[in-house]
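Pulled from TrEMBL:
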DOMAIN    60-237  domain 'Malic enzyme N-terminal'
ACT_SITE  TYR83  active site, proton donor
BINDING   ARG135, ASN389, ASN433  (S)-malate binding site
ACT_SITE  LYS153  active site, proton acceptor
BINDING   GLU224, ASP225, ASP246  divalent metal cation binding site
DOMAIN    247-502  domain 'Malic enzyme NAD-binding'
Amino acid sequence: MFRNGDYCTSNPPEVRKALRTYGLTPPTTESHEVQARRCLQLLKMKPTNLEKFQYLVHLKATNVHLFYRLLADNIKQLTPLIYTPTVGEACQRWHEIFTQPEGMYLSYHDRGHIREILDNWPHQVQITVLTDGSRILGLGDLGVNGMGIPVGKLALYTACAGIRPDATLPLTIDLGTSNEKLRNDPLYFGSRTPKVSPEQEIEFLDELMEALTDKWPGIVIQFEDFKNPFPSLARYKDTYTMFNDDVQGTGAVVTAGIINAVRHSGVPAKDHRAVFYGAGSAGVGVAKQIVEYFIKEGLTEEEAKRKFWFVDSQGLVTKDRGDRLAEHKVYFARDDNKGRQYQSLARIIDLVRPTILMGLSTSGGAFTPQILTRMGELNDKPIIFPLSNPLTASECTFEDAVRSTEGRCLFASGSPMDSIEYGGKLLTPGQGNNMYVFPGIGLGAIISKATSVTQDMIYASAESLATSLNEQEKADGWLYPAINRIREVSVTVTRGVIRAAQKNGVDRATELRAYSDEELDDYIKKRMYDPFDAHKHLREEVSQLLANASGHPSGRVNGVAAKINGLVHGVNAAHL
Ligand SMILES: O=C([O-])CC(=O)C(=O)O
Ligand SMILES: [Mg+2]
């Protein structure tokens, strides 16, 4: 049986012979450049993004190092195809486009046996991304179709933070789904029952968390796209090495963007006012981290908190609105509305005169040209962040924001948007997506062997990201660094996270405390999987093994073949 990478056309003849694939691939030993050229050409031939996604899934399954080489060289172009926004469409149609499994699925009936089932996973895992599919991007409950998200996030862990592909575990738990259309679809492959109760969910998660850490001590567990992320975050954050990417990762990435936007706005931190359109978990998670930033800028917690006005489907979130507010909304609920209730966003903007307009509503197009124009009238440099994903759920486009504010807005969206020409200049939008921080948070937790992921580690990821812009990016007024520098940015974020773990004393790799920043950066870089290096390494080691074995009986050569096999498939075993 042949495995991933066996047929790589860049394997030289001696590797092919050892793998017994000699004669089974076209004769030429190809360079990476030629291979990449063919892949890009093939991608171009696929008419839709979903087909491009499928091609890339196939490439990853058959030639993982080539996939990551291609991704490393074309990160800006390919990320939107393997991740947001295309992954959203892939999740909506996962049950239709499925050809081969990736990751692990665990169902509610598996309780009592989770630990045993984990033994079926053939690799040693360092990090898992876990979802129950109940709130996939801004697309609602997609049940086990949500698997696309852990798969996509973990591909970015490898591409951006160099975590070895086989040390990652995409994990989807099937606790039922509220999506009736999917439940009635003959091709759906999750259980056809409504979502279990919150108590049953916690009971299941308790068993899962224990099983994961028993099977893989030190594993980092990233929670993703849970409809209600707060109970599990509160329950596990101090006892497991876990974090919630939508609350904490998104919070950190947006805080980094706000730190830079406040700097560019010319308005001191204390004079900002933020309207948050959408009062879900992500919105509140984001606002709480910005509170932390305002406090670091000299405000008291009370002053910082009062800089936020939340708007949900019922209008301005106030204490006296008459409905029972969800627990997470209470902290920011206003009590200075003098008994008046405000419903429309336009009225609330007139009332608050915000400097910052944040969209976390999943309500596509909610920031109309009128709303955006008003932000432009109120501010010299309005800060406008439509953060909902994917593009269909985004509150506005970059183009609308630029045109309505005469090109003055400081802008970041959750999903990638194209640069546009305006007033003779090329303007580039920021992408306030958690992909800028989660790889560094995860890698920092792994390298420091953190026993938990503390709030200081999360905040450090925001600060490190905010400082990672180069001179050109700063001069151009960018809020985030260029995506194609993501690997170097992830090193900076990782270092910040490790330093915070050390400060909090949750690091078990205490020997790293004595490292200077440069030494720590070198150490991080050395531990990162590099798909180019991986291949070079393989060729060198194979030549060495063959040279040592020459002239020996065939049994010895077979032993060498086994070792070569191990090298091909466990490449970089010396790394993380
Ligand atoms: O996946 C993304 O692009 C960002 C994210 O976590 C979400 O929208 O839930
Ligand atoms: Mg998410």
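Glycine residues also receive a Cβ, built from the backbone N, Cα and C atoms like all the rest.
TrEMBL annotations: computationally assigned, not manually curated.
Remember, it's a predicted structure, so these values are computed and weren't measured experimentally.
Checking the recorded positions TYR83, ARG135, LYS153, ASP225, ASN433 for a CB within less than 6 Å of any atom of ligand 2 leaves ASP225, listed in sequence order. Around the Cβ of GLU224 (divalent metal cation binding site), the number of neighbouring Cβ atoms within 10 Å comes to 27. Ranked by Cβ neighbours within 10 A across all protein chains shown, the recorded positions ARG135, LYS153 are led by LYS153. Long-range Cβ proximity for ASN433 ((S)-malate binding site), meaning a same-chain Cβ under 8 A and a gap of 6 or more residues, is found for THR84, VAL253, ASN389, GLY414, SER415, PRO416. Using a 10 Å radius centred on the Cβ of ASN389 ((S)-malate binding site) and all shown protein chains, the other Cβ atoms total 27. Within 10 Å of the C-beta atom of the residue listed as 'active site, proton donor' sit 26 other C-beta atoms, taking all shown protein chains into account.
Neighbouring residues of the recorded divalent metal cation site, listed in sequence order and excluding GLU224, ASP225, ASP246, comprise THR131, ARG135, ILE136, ILE149, PHE223, PHE226, PRO229, ASN244, ASP245 (Cβ within 8 Å of the Cβ centroid).
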